[in-house]
Amino acid sequence: MATIQPVVLFFILGVLAGVLKSDLKIPEALYKSLSIFLLIAIGFKGGVSMAKYEIMEVLPIALSMVVLAALIPLTAYPILKKLGKFNQADSGAIAAHYGSVSAVTFAVGIAFLDGIKETSEGYMVLIMALMEIPALVTGTILARRGAGGSTQWGKLMHEILTGTSIFLMVGGVIVGYYAGMVKLVSPLDKMFMDLFMGVLALFLLEMGLLASARLSAIRAKGPFLLAFGILFPLTAGFFGAFLGALFSLSLGGTMMLAVLYASCSYIAAPAAMRIAVPEADPAVSIGASLGVTFPFNIFVGVPIYFEMAKFFKAMF
Amino acid sequence: MATIQPVVLFFILGVLAGVLKSDLKIPEALYKSLSIFLLIAIGFKGGVSMAKYEIMEVLPIALSMVVLAALIPLTAYPILKKLGKFNQADSGAIAAHYGSVSAVTFAVGIAFLDGIKETSEGYMVLIMALMEIPALVTGTILARRGAGGSTQWGKLMHEILTGTSIFLMVGGVIVGYYAGMVKLVSPLDKMFMDLFMGVLALFLLEMGLLASARLSAIRAKGPFLLAFGILFPLTAGFFGAFLGALFSLSLGGTMMLAVLYASCSYIAAPAAMRIAVPEADPAVSIGASLGVTFPFNIFVGVPIYFEMAKFFKAMF
Amino acid sequence: MATIQPVVLFFILGVLAGVLKSDLKIPEALYKSLSIFLLIAIGFKGGVSMAKYEIMEVLPIALSMVVLAALIPLTAYPILKKLGKFNQADSGAIAAHYGSVSAVTFAVGIAFLDGIKETSEGYMVLIMALMEIPALVTGTILARRGAGGSTQWGKLMHEILTGTSIFLMVGGVIVGYYAGMVKLVSPLDKMFMDLFMGVLALFLLEMGLLASARLSAIRAKGPFLLAFGILFPLTAGFFGAFLGALFSLSLGGTMMLAVLYASCSYIAAPAAMRIAVPEADPAVSIGASLGVTFPFNIFVGVPIYFEMAKFFKAMF
Amino acid sequence: MKRLEIVIDEEKLEDLIALLNEVGVRGYTFLRQASGLGSRGTRRPDDIFFEQTNAMMILACEEKQAERLVTTLRPRLKEFGGMCLISDCAWVIGPAVSY
Amino acid sequence: MKRLEIVIDEEKLEDLIALLNEVGVRGYTFLRQASGLGSRGTRRPDDIFFEQTNAMMILACEEKQAERLVTTLRPRLKEFGGMCLISDCAWVIGPAVSY
Amino acid sequence: MKRLEIVIDEEKLEDLIALLNEVGVRGYTFLRQASGLGSRGTRRPDDIFFEQTNAMMILACEEKQAERLVTTLRPRLKEFGGMCLISDCAWVIGPAVSY
Ligand SMILES: Nc1ncnc2c1ncn2[C@@H]1O[C@H](COP(=O)(O)O)[C@@H](O)[C@H]1O
Ligand SMILES: Nc1ncnc2c1ncn2[C@@H]1O[C@H](COP(=O)(O)O)[C@@H](O)[C@H]1O
Ligand SMILES: Nc1ncnc2c1ncn2[C@@H]1O[C@H](COP(=O)(O)O)[C@@H](O)[C@H]1O
Ligand code: NA
Ligand code: NA
Ligand code: NA
């Protein structure tokens, strides 16, 4: 069995602080600063390692994986509607969250690979950034099919494309790619690569605090969401690992694709759904995403997705 | 004579900024972020080096040193009451401050040892965290003996045990210990060990600003508090160095125990005393602690405690 | 041609975020924290390398370069008044901005030198700190010659000398110098040197955001200010490179003097001019300084100043 | 219309909000991190050592609702700390009514 | 003198300021990051997931100016969200008049 | 009861507090980092280049106390900048009286 990364213990510390009603508080400015750092750093790291590939060669593969990600909300929606008995708006919004991705889960996956000295394709980060688009658009269509009132597509696309998450990740990729090309990665890596894990630690502490405050929101549909929040990412991850091996990604890359498919959003998606599907109740999607799926993924999921990747890589 | 660490010059810069009425301001969020970092880093560093010991072997020694720390407020109280002519509540509260410890003074001690390539036992940080309990409880009992109104013991213990200081330090110890055991200290140390001194520098800058604003509060009892704030820590440090050598700690560990006994709190203790002894005047205890004893310890005390440690280590 | 440093791409990202109306926001506390870090780091780095010189030897050279910097506002003033048709107050205030310096442009220059493995004299940072004084005083005199009402000289000098910029830079120099002398640079450099470029990256991101919001302010005098904001620093930089070579600075030092002469302030100068010349319109000077000259300098100017330095070093 | 202005211990804010919900209040505005002086001395968020802060709440509602609110609030005001002021005001019709 | 107290969506703040400038208002005070409950539900800056916040504006002016202002403001209040209260007050003469 | 609402240059806040202490005021509430427009132009904490900010103080007291206060305050208001409004209000008895 793979060892649990020390960094994820900070998530437990955060949950504990919440449960014990500790007066520990992460200043809002620190939370925002850490997330700016992480997004740039994830992009930068990906960009630097992309500088080693011919972009045009990988583009078709990357795009297919992005497009196929639209299958995730399409699968989640009927489950949520039929089995979960959620209304149309909520089902679509939750489906959009699960189709979308979590940069922090991605970061934990990268940390896991670092720990066992494996690497993944740099362009995974571009896939991550692009995957938001089909996920959020599909979720919105599902949520609003036949509903009265017009969907604010313009505002939604602006929110998705210029939202902090995508903007900083893509920006980081560009700078990292350029730095890799001109061979001037060096002084920037001292910050954006070396400190990555430490910053992730502090961020996970805050995530734990947030998660412990959010769990109560899913009480009403607790059992269903608990099952869904664990089984759905496992299935999506299985599908991701299969695809990754099919497209001949490296072992690390196959795992990371599984992580992307399995992870779900609690930052970009809520902001987008507020605009696109204002009638959905955000408390439920955030509660399931942050309170169930996120901790499951970082503690149990990531090692499992690695085993899945090994399994499929051995098959193809 | 030992050289003064460059890092402590930042404290002087902060005092100067206050005295010259510079418009330099450390944003509150930065101050809080730095203190979260330092507490985790102190714990993490201790935890990593604890992974090299058998915990059960050191536990009895550690606990004795914690229990013996209750002697500090018991000694301080009569001096403050008789010689200092403070009332019962103030005497107890100040005694609690001096029995308690300062994580930043501890950090300066660690920095001093780093500078001369000495180390100390990792579990010193656990002693530091635990020492708060007997100190604050003893101080509270002294302050409220025979006083009307019930003491809020439940609230006090909750404040002490789940307060940010103890919570983060113990949390850091746990993660560091685990990281040390599974040999995954590496990417986290880039942040929590390598940046320790630099973060301490910024924190000391703010401490200087705070100290220069606090000195005026002790004007009324200035001469007494100046004498007490220097002589008492010297005595307590002497006792700590004696105990450390008696318990066969390393040279560095002996010095650090002296530092713990000599240092006094200005963050955890004020918060705790506000709950337990609300009738005490916090301005006096913070003024003495931060305005007199803290600067004395980091500039003059630490090298002296090192000499004391050498002296007692040579004796036993 | 010299390569553009990856770090300056972050400025473009910031501008883009502004133009695209991204919801990216740098928390105010982060902006202030980064600028505190940069000022200390610039000073510290300079101080460490100053420890290698005899201070008394370089003092006369440094002082001459400071005094000669007063020529910059004296040259800028008539151009602004006659050609730019600004009133006396505005002409003096803008002249003061261009006589003064930009610590971030200085930082980009240092980063450029790092990239090509060149160094510069450590005391350049002292020159930078001192140059503010003749520039702001000269600008104020020009702005207020013959004007009614008394100039608040006392308040102005206090603002300049104890303002955050000079205070932290000089403070950094002192600590760095001391650390260099006692050979204890080591743990502090992990923060103040290694992270310099990464912090600069985040800071430039915010500068880009600020610049994109400020450009509209110069609309009325756009063409003139565009020309002035590019041609004036080129001339001043030419003069600086000439002086640097004349005073036998190193190649890197010659370039840095050109950078100092060419760069202009948008932080210290606005604050000082608000006190000394309250009747001047700050929007114009900040717009020209941050919206035109700053980006020109970091993208195009710095490599040009390096070529100028090479040219003059070859001549003398 | 009545305008209520309540200043309380920031730690009691969630309790106050719960109480307002019980009474059926449909609109209020509040600001955190307010400083002040009162019977318990100075409370300032910029005092790093104590972290005692107030929250300030403003609430416009109809006279009857205000009476009901004050009746429920009064017995708990001591525990909440601070003060509660009432004055007259007019609500500019236009936005969706939320009082 | 009249005292206006306006709470709106913080994102609309610059629009409100532009409107005030048009009407020729010479003085106002505002605070950002206000929390609140209204017809659009809860809006709180400390809710990291939504970032819906209000701004609170206070404005003292003469009766006539207030009338003009309200007339211009009313049709746009719905888009701005929030509320607008008016009450009476007196201006303590002393500082430069800015209303 | 009277309600005073004072907006001043944040840098003068400690002077104002000292003045209130002199007059014997027993309660007030203030918020820092207020933005505004007045006779000295725009003042906004989010303008990184100027850092000109206001503080807003609210103070409830008895009529007599208010008069005394205004008399002391008026001559210094110009130096403090900003404005001072007075209006009527009622104090909901309950918490310890601090006015
Ligand atoms: N007369 C008053 N005017 C304005 N604010 C007050 C007044 N009295 C109390 N407050 C506010 O209420 C807070 C708590 O008051 P207390 O519980 O009396 O200490 C104080 O810190 C002030 O912010
Ligand atoms: N009756 C009220 N009293 C005080 N504030 C209100 C009231 N109604 C609305 N607000 C404020 O206006 C904001 C926006 O209101 P709304 O557009 O109705 O959601 C709310 O979040 C509150 O801060
Ligand atoms: N008529 C007014 N209504 C509300 N606030 C005002 C008014 N006039 C001035 N202020 C506030 O007082 C501050 C200082 O005003 P002044 O000293 O006139 O520049 C302004 O920035 C505003 O915040
Ligand atoms: Na997903
Ligand atoms: Na102690
Ligand atoms: Na210049």
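Every residue, even glycine, has its Cβ placed from backbone N, Cα and C.
For C:33-51, C:58-80, C:92-113, C:125-144, C:156-179, C:191-212, C:224-246, C:258-277, C:283-306, the entry in TrEMBL reads transmembrane segment.
Among the listed stretches C:33-51, C:92-113, C:258-277, the one sharing the most Cβ pairs under 8 Å with the transmembrane segment (C:191-212) is C:33-51. In this chain, the transmembrane segment (C:224-246) does not touch the transmembrane segment (C:33-51); fewer than three CB pairs sit within less than 8 A of each other, excluding pairs fewer than 6 residues apart.
Away from its own ends, the transmembrane segment (C:283-306) comes close to residues 1-2, 4, 8, 11, 15, 86, 90, 93-94, 97-98, 102, 104-105, 108-109, 112, 204, 207, 210-211, 214-218, 221, 225-226, 228-230, 232-234, 237, 240-241, 255, 258-259, 262-266, 269-270, 273 of its chain (Cβ-Cβ under 8 Å, at least six residues beyond either end).
Counting Cβ pairs closer than 8 Å to the transmembrane segment (C:156-179), the top stretch among C:58-80, C:92-113, C:224-246, C:258-277 is C:258-277. Below 8 angstroms of C-beta separation, residues 35, 69, 72, 89, 92-93, 96-103, 105-106, 109, 124, 127-128, 131-132, 135-136, 139-140, 143-144, 151-152, 155-156, 159-160, 163, 165-166, 233-234, 236-241, 243-244, 285-286, 289-290, 293-294, 297, 301-302, 305, 308-309 of the same chain, each at least six residues beyond the ends of the transmembrane segment (C:258-277), sit close to that stretch.
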